[in-house]
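Here's the structure, in structure tokens; my notes come after.
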Amino acid sequence: MVFRKPPDGGWGWVIVVVSFFTQFLCYGSPLAVGVLYLEWLDAFGEGKGKTAWVGSLANGIGLLASPVCSICVSSFGARPVAIFSGFMVAGGLMMSSFAPNIYFLYVSYGIVVGLGCGLLYTATVTITCQYFDKHRGLALGLISTGSSVGLFIYAALQRELIELYGLDGCLLIVGALSLNILACGSLMRPLESSSSPPPEKMCVDKVPDQYFVYHEKEKTAEENISILEKGYIDEKCVNNVPDCKQDSVLNKNVLSSINVNEKDTYKKKVVEQTNFCKQLAKRKWQLYLTYWKETMVLFKNKVFSALFVAILLFDIGGFPPSLLMEDVARSANISEDDYYMPLISIIGIMTTVGKLILGILADFKWVNTLYLYVTTLLMTGVALFAIPFAKSYLTLAMLSGILGFLTGNWSIFPYVTTKTVGIEKLTHAYGILMFFAGLGNSLGPPIVGWFYDWTQEYDTAFYFSGFCVLLGGFLLLLAALPCWNACTSQSSKLPPNTYSYKVASNA
């Protein structure tokens with residue numbers, strides 16, 4: 001399919017608006033799942049670690065399935081995938097209102113809603129990139145704030161709906177709101193060239209003629225000959241029976257010889273098709289081998305290896321506060337009279353601010369994006385260590401705001417990846433890193449919950465989370481130090497298209 005040049009405006013701004021609301025509607029409830037987490041604890045009476053799996057799956061399964069999501073969008077287009085995923089998100093939320101146990105929620109909320117969110121994220125990012133080139137960064141930044149605004153609003157909305165209609169009514173209403181994704185998806189008009197031939201014709205033209213068993217012209221000629229022969233034989237059979245038998249015998253001999261030739265031709269073409277399939281399978285196998293070789297080349301870059309460890313540890317330790325902060329406040333026996341705003345809402349609005357400010361800082365030439373990212377990791381670790389000492393709503397609100405702002409480092413993560421592996425390897429490297437980010441999102445909250453079930457307090461859990469984030473930050477800082485790069489560059493040379501992150505280079 002041939003696409004026109006990105007217009008950088010026009011209908012593209014409609015795409016930005018609908019993509020913003022799509023991420024707002026699909027990610028609002030999963031990111032604000034901490035409000036539902038408290039209700040599920042009371043409703044099912046399961047442990048905190050087991051219950052935390054619901055929210056962690058909903059936020060991690062989309063990243064884990066990112067390769068599958070990319071294939072779906074590439075094969076079917078952004079609009080069909082967005083509409084189908086809207087049904088998934090809405091259906092999963094509504095089914096969750098009828099959940100008889102926590103295991104049903106693993107499927108309905110964790111897998112169905114999570115996979116729908118992953119598909120929608122890929123669809124919105126893909127179609128936005130198709131419509132924008134010069135202003136692509138601005139467009140992606142605007143749509144990415146949709147999830148953060150959704151977290152801010154849905155945290156208060158779900159809490160209010162639970163008080164008015166109960167947990168089941170809340171999930172039904174939120175699921176009904178998610179049906180608006182269908183309207184947003186219908187406006188995601190694909191950017192196609194009007195002069196491009198239809199897909200069916202393109203597919204037929206791409207297939208060589210030698211792989212067709214029969215051609216239309218040959219088939220038409222054979223049909224005409226068979227009709228003439230049949231008419232001639234019938235006429236002779238009416239006038240002269242002996243001649244009819246003789247001609248029929250001769251005709252059978254001729255037809256038998258034709259059938260033999262057709263069989264030989266057919267066998268030859270079958271052999272050609274078999275060889276073609278073998279060559280195609282060989283090419284696919286070579287592509288898979290090339291993919292794994294390129295993956296190994298990426299991991300030979302020490303900065304990329306450290307980045308892979310850092311993003312995994314950051315999501316294991318840094319994601320749980322957005323899910324468990326409400327339960328932390330309840331465990332600290334904070335009075336509801338002092339509860340001015342849900343802590344998750346504070347995290348959501350400060351994440352939006354963090355994405356914008358950190359993204360602006362990354363555009364300055366004097367700012368090194370890798371060091372900026374490392375700074376956010378180290379500060380996140382310190383803030384996690386401070387959570388056990390917070391015994392009032394004010395201190396928890398301040399820490400929630402700091403953690404939310406620092407979580408906005410997602411906006412600069414693509415910059416760091418690009419400067420580490422190069423623009424040619426960005427797609428490959430970013431897909432690998434997002435897979436492990438999803439793994440960290442899936443494992444982080446259950447691990448923290450298990451720590452609570454084991455110790456009956458959150459102190460040890462957040463010490464562990466802070467240690468994970470600090471460890472990832474220090475490893476990434478060590479890999480990026482100029483002296484470390486100088487020592488490694490003398491001992492070994494990196495493969496082409498990859499390079500170590502030079503601290504002196506501007507991001």
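The backbone N, Cα and C atoms fix where each Cβ goes, glycine too.
According to TrEMBL, the feature transmembrane segment maps to 12-40 (among others). Panel annotation: around the transmembrane segment (12-40), residues 6, 46, 51-52, 54-55, 58-59, 82, 85-86, 89, 93, 102, 105, 109, 113-114, 116-117, 120-121, 123-125, 127-128, 131-132, 139, 142-151, 153-155, 157-159, 162, 167, 170-171, 174, 177-178, 180-181, 184-185, 187-189, 322-327, 330, 342, 344-345, 348 of the same chain, lying at least six beyond its termini, place a Cβ under 8 Å from a Cβ of the stretch.
If you look up TrEMBL, you'll see 52-73 (among others) marked as transmembrane segment.
Remote same-chain partners of the transmembrane segment (80-98), defined as residues 6 or more beyond its termini with a Cβ less than 8 Å from a stretch Cβ, comprise 22, 25-26, 29, 72-73, 104-105, 108-109, 112-113, 115-117, 119-120, 122-124, 167-172, 174-176, 178-179, 181-182, 184-186, 188. Annotation comment: TrEMBL describes 80-98 (among others) as transmembrane segment.
The transmembrane segment feature in TrEMBL is assigned to 104-125 (among others). For the transmembrane segment (104-125), the list of distant contacts is 19, 22-23, 26-27, 29-30, 33, 40, 53-63, 65-66, 69-70, 72-73, 78-79, 81-82, 84-89, 91-93, 95-96, 140, 143, 181, 185, 188: same-chain residues at least six beyond its ends, Cβ to Cβ under 8 Å.
Residues or ranges marked as transmembrane segment by TrEMBL: 137-157 (among others).
Annotation comment: TrEMBL describes 169-188 (among others) as transmembrane segment.
Annotation comment: TrEMBL describes 303-319 (among others) as transmembrane segment. Beyond its flanks by at least six residues, the transmembrane segment (303-319) meets 56, 59, 370, 377, 380-381, 384, 403, 406-407, 413, 416-417, 420-421, 429, 432-433, 436-441, 443-445, 447, 464-469, 471-473, 475-476, 478-480, 498, 500-501 of its own chain at Cβ-Cβ distances under 8 Å.
According to TrEMBL, the feature transmembrane segment maps to 339-358 (among others).
Taken from TrEMBL, the feature transmembrane segment applies to 370-390 (among others). Taking Cβ pairs closer than 8 Å, the transmembrane segment (370-390) reaches residues 303, 310, 314, 317-318, 321, 328, 332, 358, 361-362, 396, 399, 402-403, 406-407, 409, 412-413, 416, 419-420, 458-459, 462-463, 465-470, 472-474, 476-477, 480, 501, 503, 507 in its own chain, all 6 or more past its ends.
Sequence-distant neighbours of the transmembrane segment (396-417) (same chain, 6+ residues past either end, Cβ-Cβ under 8 Å): 141, 144, 148, 307, 311, 318, 321-322, 325, 328-329, 332, 334, 340-341, 343-344, 346-359, 361-362, 369-370, 372-373, 376-377, 379-380, 383-384, 386-387, 390, 426, 429-430, 433, 507. Annotation comment: TrEMBL describes 396-417 (among others) as transmembrane segment.
Annotation comment: TrEMBL describes 429-452 (among others) as transmembrane segment.
Taken from TrEMBL, the feature transmembrane segment applies to 464-484 (among others). If one looks beyond the transmembrane segment (464-484) by at least 6 residues along the same chain, the residues whose Cβ comes under 8 Å of a Cβ in the stretch are 302-303, 305-307, 309-314, 316-318, 320-321, 370-371, 373-374, 377-378, 380-385, 444, 447-448, 451, 501-504.
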Do any residues, 6 or more residues outside the transmembrane segment (52-73), come within under 8 Å Cβ-to-Cβ of it, and if so which ones? 30-31, 33-34, 36-37, 40, 81, 102, 105-106, 109-111, 113-115, 117-119, 121-123, 126, 319-320, 323-324, 431, 434-435, 437-446, 448-449
Report, as numbers and ranges, every residue of the chain located at least six residues beyond the transmembrane segment (169-188) whose Cβ falls under 8 Å of a Cβ in that stretch; write 'none' if there are none. 14-15, 18-19, 21-22, 25-26, 28-29, 36, 78-79, 82-83, 85-87, 89-94, 96-97, 120, 123-124, 127, 154, 157-158, 161-162
